[in-house]
Every structure is written in C-alpha cells, then in structure tokens.
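First comes the structure, then the notes that go with it.
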Amino acid sequence: MADVVVGIQWGDEGKGKIVDRIAKDYDFVVRYQGGHNAGHTIVHKGVKHSLHLMPSGVLYPKCKNIISSAVVVSVKDLCEEISAFEDLENRLFVSDRAHVILPYHAKKDAFKEQSQNIGTTKKGIGPCYEDKMARSGIRMGDLLDDKILEEKLNAHFKAIEPFKEAYGLGENYEKDLRGYFKAYAPKIRPFIKDTTSMLIEANQKGEKILLEGAQGTLLDIDLGTYPFVTSSNTTSASACVSTGLNPKAINEVIGITKAYCTRVGNGPFPSEDTTPMGDHLRTKGAEFGTTTKRPRRCGWLDLVALKYACALNGCTQLALMKLDVLDGIDAIKVCVAYERKGERLEAFPSDLKDCMPIYQTFKGWEKSVGVRKLEDLEPNAREYIRFIEKEVGVKIGLISTSPEREDTIFL
C-alpha cells in the first residue's frame, strides 16, 4: 500500500520534515512531480539538508528512493545532490520515463518570464513540460544509449534553430550541450531504472511506499490559481499517474499545511499581511525560498483555500507545521470566508480577483516551540488547533513545533 504526502497551500509547507520524520517506516520514498524548482529543507542532528530533486528518504540507509516519471530532471543538479551523499547505490533510482531539463529550457523560461511575469524560478521547468506535451522531449532512458541520445539531440537542434538568437543560446550551443551530456550522463546512468515496474512489483508484494509531492495544491496547473501556477499536477491524484500505481493502492493522504500561510512569486493571496506582522512571520519563520532564496509573502491561515485543497486531495489527516512561529502573537487571525463585491464566499472560486478576507480572531499563546505532547501546549494553542480541525473536517494527525525532526506532536 502507498501513502501520499501532499502540500495543501502554495508550497513550502514543510513536507520535507514530515517525510523525513516518517520515512523510516517505509520501504520506498517516491518524489512524484515537479523539478529542481522545489526544495525540501530537513534538519537532522543539527545539520540542515536542502534537497531539490532527491526524495527525503535519502537520510535513511534502508530506504529506497525513487524519482518518478512525472518529475523533470536537471542532470547537472541531480549529480551535484548525489555527490553530497555517500552510498546511494541501490538506494536511489531515477525513472527512465522522466524528462530531461536542457540548458535551453532555462533560457526559454527566462525569456518568457520577461513578458509573462508569473514569478517562475527560471529553471526551465515549464519549457521542459512543454516539450514533453509536444512529444519532442529527451527522457532519462535516452541517456542510456549514445546513439539514441545523438538522434534526440539532432532533432532538438533542428527544432530550436529559429529561436537560438532570441533565447541567447550562442554559436557553441550544440558543442556545449554535447559536452554537457558527455560530462554528466555517465554519472547518472547507474541510477536510471524502470521505476514503474519496480513500484508495481513492490505494491504487489505488500511493501510500504510513501509518495511525496513538490510545491502545493494551489499551484496545480489545472486546479490552482491559474495562470500563477506551476507546470505540473500537484494533487494526490497525480501520484498515481506519475508512479504507475493504481488508485486502489493509495491508503492515507496526509495534507501538509502551515499554521499560517505563505506564497512565493506573483499571484493572488487573499490572506496576505503586508503590515509589519507579515514581516515578523517571514523573519521568525525563516520564510525564504530553499531554491531561490526569495522572500516569501506571508499572511494568515486561509480556511477557504484549505478546505478546497483537502477536498481535492481526499486528505485523511493533516500535519500542522510551524505552530511555534505564532508564539508570542497577541491576536491570531484566520480567514474563514471571502467577500467579493458585497457577496460572502465560502467556496474557493476559480478566480480570486477582488476577493477580500473575512477574519476570525483568536487569542495567542506565549510558547509552543519544542513541545512534543498535546497536553503541554497552552490552552489557546489547543483551541486554535481544534478550530482548524473542526472547520476543515479532517483530523490533525501531527503538529510540528520546531524545524528539528523530534519536535513533533503525534495525535
């Protein structure tokens, strides 16, 4: 059976800590979408690990880790991540169906961002998915055969010829790209496998599989705040499509949310706080992107969006992250509905334009940092947790009270 860990905000919810905390109980940890535009930060024994492509289970020697078919892979960045760990042989596997991000994709991404102003990381994620959908992409499996790779590269060079100048690729692009693969393909080849068959077999044997997503539900290409979204499907349903596991294989769906809310880049954010309180949340919560180091926009918990995300994913339980960031705040707001042109909205709309938050205010608490038992939390903190659980209609299964792995309350 497989369990899914999915972000239910705009990403950066703390999925990495939860996966790291529970990964020891699983045989496989699988990253099922996105690219190196996303980042997980894990603190283990006082050491901070920033992962962009590798699944969070790499810190457990007995855990097998898979990068599945719907992930887009920068081979250079993956090789650099691999070099930071020892003994990944037979512990890390990259799907032969996963698509390869080319330097051209990053150039195209930056070019398009100048006019679209979506707020992308400019790492080539979107353009790589574009080539995938156009059936012209290079897959990881193509790197296993030099002849096939050369054929794919020649087709790529022909296709981009009209755009080389616009994207600033330079006269030596073909030579440089061949050199790029010559340098990195041999390093990555030992990890490329038919992961779909591996996971189907593992599921049939009854092995435990943990599927981890990147970004968050509200960035889903179809169901998020379009056009300010990522280029992949980020919900729990996409875990099946990417891995080859059928929907019957899914058991638990753990939705990850912060006790407040953040967003990186442009796009609507009804509960954003642009006062000094937003700055306080950013500073205390260390809200700066793992990948880009960009400051995150900060605000209050949005229950309209949270209920929508829980419904989309079929969440069976929630993980409430960074409760400690709210320590010491006298009045804590929660967005319980929107107002748009005089109308109260309690359902999440397809367009958030003109949506203003309607808040309910709670009394704060002094300290929750490092607490590991629910009964040790102050009454106001427990009331806040109970309110979220009641309004969303999904039980809270665990609460994080610091970046440390062990500072977690299990309910």
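Going from the start of the chain as shown, residues are counted 1 onward.
Heads up, the Cβ atoms here are built off N, Cα and C, so glycines get one too.
Computed from a predicted structure; not experimentally measured.
For the IMP site that Swiss-Prot gives as D12, E13, G14, K15, N37, A38, G39, H40, T121, R135, Q215, T230, the extra residue drawn from R178, R282, R294 is R294. All protein chains included, R296 (substrate binding site) registers 22 other Cβ atoms within 10 Å of its own Cβ. Cα of G11 (GTP binding site) to Cα of R296 (substrate binding site): a distance of 11 Å.
Ranking the binding-site residues N37, Q215, R294 by Cα distance from G14 (GTP binding site) puts Q215 first. Other Cβ atoms within 10 Å of the Cβ of K17 (GTP binding site), summed over all protein chains shown, number 26. In this structure, the recorded positions H40, R294 were compared by how many other Cβ atoms lie within 10 Å of their Cβ, and the smallest count belongs to R294.
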